[in-house]
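Peer 1: According to Swiss-Prot, the record shows the following:
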- 258-455: domain 'GATase cobBQ-type' (DOMAIN)
- Cys339: active site, nucleophile (ACT_SITE)
- His447: active site (ACT_SITE)
Amino acid sequence: MSTDGMSTPLMVLGTSSGAGKSLMSAALCRLLLRRGETPIPFKGQNMSNNAWVDESGGEMAYSQALQAWAAGLKPQCAMNPVLLKPQGDSTSEVIHLGQSVGTARAETYYEQWFRPGWSVIREALKDLQCSYTHGRLVLEGAGSPVEVNLQRRDLTNLRLAQFLRARCLLVADIERGGVFAQIIGTLSLLKPVEKQLIRGLLINRFRGRRELFDEGRDWLEAETGIPVIGVMPWLEELFPPEDSLDLLERRGKKNDAEIEIAVLKLPSLSNFSDLDPLEAEPTVQLRWVEPGTFLGTPDAVIIPGSKQTLRDLNSLNRSGLGSQLQTYAQSGGHVFGICGGMQMLGRTLADPLGLEGVTTTDPSSSMAGLNLLPLDTVFKRSKALKQCQRITQWPDNAKVKGFELHHGNSQLIQGSHESVLPMADDPSLGWVSKNERCGQVAGTYLHGIFENGRWRRLWLNLIRKQKGLADLPTDIPHHEQQREQLLNRLTDVFEEHVNINPLLGT
């Protein structure tokens, strides 16, 4: 593909999943922006349930939204034209250019979806080229670029690199161990024409003094003929991992934590970036709780979003965690549900089309919810996809913004209006029901609710008041300002430890 007028594309590949491609791509975007360029993030195909909704109402992976912010651009679904959202049983929802186009099984995906996917990727590239005629594409690969059984129908790695004649950076995670085998093994599986695209190696998550790796750097450069352009130090995780399996290992204890919030780690957990602003609160300790483990006595519980709401609800009930949560709420505990989490708090959930992992023998029947909010939810094929701005009336007045992303339509049970208050000026956005013993159960469809600084602090102060703690200041900015600071911090470290000139050909 011709990229006339645009600078030569760059591509970040990894020796494995979790090597750090997403954050290195974000850092590269921000560094190029600092140098006066217009970087354009792009990942042809991503598999993730951590999604974002752009201004047009299109779904895309959160990691590409983050890279867009790093590039100083508004996220748009063309930056991630193919999104696969796993939903269990080796199936995924297929999103093309922001819209759902069907469901695919793993064993037949490439047979059925390769050609449509490649067509959509090329269309998205043309759109971006028209929008940013003098920009530079910053491409992110997926997993390893040398999965031999998948290379023939690769949509994300070397096919795209060759198509765009991109200069590639290969990232390896030394924290996992075996970094030399990772790099040499990856390069040995590349064809000569593919290996020529690799212009630099990057060692990620190195602990200790950089000079301790000098011998390793020299050996790699002599063995491969490719420069090691950087050794990135190990950093405390700044942003959520792409894979929810990494969540339990992410964080340690906070010395200054004053309240503990338990977050249910659902089997089909989605949009866990919703919790980032709480993770960034120095006085808040998040504790992830899996089905089958003990809930304990946290100061509050959050049920996050789910890609398979009914299946996850069934998991909570079978494991006993659902009944623990009911007891906790009825004893005065604070419970907050986001999207699918709010739906689980309701009375019933009906999934006549089998969209959310129905586990009953009769798909037309409904499943009992946790019955902590008087809501009935029906899942429909049409999906609510939109950004929105509202004014809340609970816990107090606050301007909030975020996005909706859900199949379910929730309605209050007739006659329950006196016991439940709408959370915002849009009554369908969420509800709150006060417990008899001071705690409150509430839920919302608004993803990103905790990014709103004033609202987040108002909610935390409800919990703090019940513990006899002083209120936190509520006159604080939106989390996007803190995200900017984190991106700048990441890029400062990247700029100090990585020389991108060989990648740029200078």
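These residue numbers are counts, starting from 1, taken along the chain as shown.
Cβ atoms are placed via backbone N, Cα and C, with glycine included.
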Peer 1: Cα-Cα separation of the residue listed as 'active site' and the residue listed as 'active site, nucleophile', in Å?
Peer 2: 7
Peer 1: Please report the number of other Cβ atoms within 10 Å of the Cβ of Cys339 (active site, nucleophile).
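Peer 2: There are 28 such Cβ atoms around Cys339 (active site, nucleophile).
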Peer 1: With every protein chain in view, how many other Cβ atoms are within 10 Å of the Cβ of His447 (active site)?
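Peer 2: Taking every protein chain into account, the count is 25.
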